[in-house]
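TrEMBL has this to say about the protein:
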- Ser235: active site, nucleophile (ACT_SITE)
- His300: active site (ACT_SITE)
- 1-28: domain 'EF-hand' (DOMAIN)
- 123-146: transmembrane segment (TRANSMEM)
- 207-225: transmembrane segment (TRANSMEM)
- 262-284: transmembrane segment (TRANSMEM)
- 296-315: transmembrane segment (TRANSMEM)
- 327-353: transmembrane segment (TRANSMEM)
Amino acid sequence: LLSQFDPDNTGYISTEKFRSLLQRHGSELDPHKLEVLLALADSNSEGRICYQDFVNLMSNKRSNSFRQAILQGNRRLCSKALLEETGLSLSQRLIRHVAYETLPREIDCKWYYDSYTCCPPPWFMITITIVAFFLYNGVVLDRFVLQVSHPLYLKNALLYHPQLRAQAWRYLTYIFMHAGIEHLGLNVVLQLLVGVPLEMVHGAARISFVYVAGVVAGSLAVSVADMRAPVVGSSGGVYALVSAHLANIVMNWSGMKCQFKLLRMAVALICMSFEFGRAVWLRFHPSAYPPCPHPSFMAHLGGVMVGITLGVVILRNYEQRLQDQTLWWIFLSIYVIFVLFAIFWNIFAYSLLDLKLPPPP
């Protein structure tokens, strides 16, 4: 249709012709998309609309040029906000709630609400949680227990141990082992409450990248800063997601319309502080299974650093190509440099420092 209003094939049509097109065919469009199109028309000071921006909108692809047009628009969307809509089903209310919990702008919330189909579902976080829960309770303990720690967690091929650091898979698989049921419980709660909504909005690819990057950074941070300690638990990945989400809320505080956001932040910070404080206390507490010390807490800090760098960029750029973001490449380069440094550190530093490491389990 737009080609009829652009006989010279310039790629643009005037805003007046664009408005007449919307008036003629607006009833065929989704109301929320119609609002975005009107905002796009009002935001353009040059009096013309780019055909590609229209295609991007109708095909659910958000380009940087389209996003800038919306952000610079001077028209306020006049319809009710999503939070004020009534007559929604339970699933629609859940999707609406997730949108306002994770996205700072009304236009992004509406975009997500209109386009989300729950296909695919948030499979990554759910799968990771189920596997960790099964391996800890079913394979290691063979029963449900409530205790501070359990020495059997050391006797498996998944945790990271400094004497076994040459087995590269341990830098990642340690997330499936935990030092106790309460350690597992806190990570599972944070993983599901924060990770699942984030995956629903940003997709498995982005969230899994942040999670795995936090996991690897956590084990490498331990191998550099706490060289004698083992590592267990998914805190590196969990803290990467939670810290990225909290940092995103703080950076967009005025735009976040989620209810009880201050209370939710306080609860998340309390849970993280409790779990981190427990890890610090255990690390310096006399070991129940000498000579091996308790697990390190440095993985938590590695996850936080990934969350407030790579994670913030990923969560801030909703449905945009990260390849076009300068800050993304800067933080990614820093992360790669750290990983390379840690690899060389693990190869040479242990022998040069002549550390007395605990025996392998």
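Glycine too: its Cβ is placed from the backbone N, Cα and C atoms.
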Quiz item: Given the active-site residues Ser235, His300, which one is most crowded in terms of C-beta atoms within 10 angstroms?
Solution: Ser235
Quiz item: Hey, how far is the residue listed as 'active site' from the residue listed as 'active site, nucleophile', Cα to Cα, in Å?
Solution: 6
Quiz item: Under an 8 Å Cβ to Cβ limit, what residues of the same chain, 6 or more beyond the ends of the transmembrane segment (327-353), are close to it?
Solution: 162, 165, 213, 216-217, 220-221, 223-224, 227, 306, 309-310, 313-314, 317
